[in-house]
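Take a look at the structure below.
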């Protein structure tokens, strides 16, 4: 069973998994089985489960839990980033909270996010390769150059920068780019890593 099945399980528009045998093991899981598997996955990959469930609007509580997990991670690695490491206690905590909140919002974006769908590929992540289409006489697709194949635009890091400057007014754009933004980017990446870990664990416990 994969994490995407959890989202379908919680969707009222999707058929619930039942006890009747189906084509795959995850399809034959009962509601009780699914909840038990989620509990096991949460005990081993709480960050990833909270991040995913919050991302798919399954729980508002999970959104806050994911941000809290991300803040803990940010505190742990902040010493590697000069622009954050030198900050005083209260200011540092507030900056990390801002970075974690914006990073999680970026992770949550998808083609379904209002205003985020790529204008070139309309959320598919694919675009027509005009040169090869003309050369071969048939439609040839390629990865969308605008969105890099994901189907949507990322949240502009400038939004996080503006929020951080409310706490650090003298933070210049170049300094942000060199000493703070790398941490912001690392937080976004960590969300995806934790989701992948949770996905693998959930798959393992439902085999």
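Positions of Cβ are set from backbone N, Cα and C atoms, glycine also.
For reference, Swiss-Prot has these:
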- 1-28: region 'Disordered' (REGION)
- 101: site 'Interaction with host rpoB' (SITE)
- 118-147: zinc finger (ZN_FING)
- 118, 121, 144, 147: Zn(2+) binding site (BINDING)
- 134: site 'Interaction with host RNA polymerase sigma factor RPOD' (SITE)
- 160: site 'Interaction with host rpoB' (SITE)
- 165: site 'Interaction with host rpoB' (SITE)
- 171-192: DNA-binding region (DNA_BIND)
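Everything Swiss-Prot records as a feature, shown here on the structure.
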{"residue": "101", "record": "site 'Interaction with host rpoB'", "Cβ contacts under 8 Å, 6 or more apart": "67"}
{"residue": "121", "record": "Zn(2+) binding site", "Cβ contacts under 8 Å, 6 or more apart": "127, 144, 146, 147, 151"}
{"residue": "134", "record": "site 'Interaction with host RNA polymerase sigma factor RPOD'", "Cβ contacts under 8 Å, 6 or more apart": "none"}
{"residue": "160", "record": "site 'Interaction with host rpoB'", "Cβ contacts under 8 Å, 6 or more apart": "98, 99, 102, 103, 181, 184"}
{"residue": "165", "record": "site 'Interaction with host rpoB'", "Cβ contacts under 8 Å, 6 or more apart": "171"}
Looking at the DNA-binding region (171-192) alone, can you tell me the average pLDDT?
97
Quick one: give me the count of other CB atoms within 10 A of the CB of residue 144 (Zn(2+) binding site).
21
Other C-beta atoms that fall within 10 angstroms of the C-beta of residue 147 (Zn(2+) binding site)
23
By DSSP, how many residues in the DNA-binding region (171-192) are helix, how many strand, and how many coil?
19 helix, 0 strand, 3 coil
Near residue 118 (Zn(2+) binding site), how many other Cβ atoms are within 10 Å of its Cβ?
21
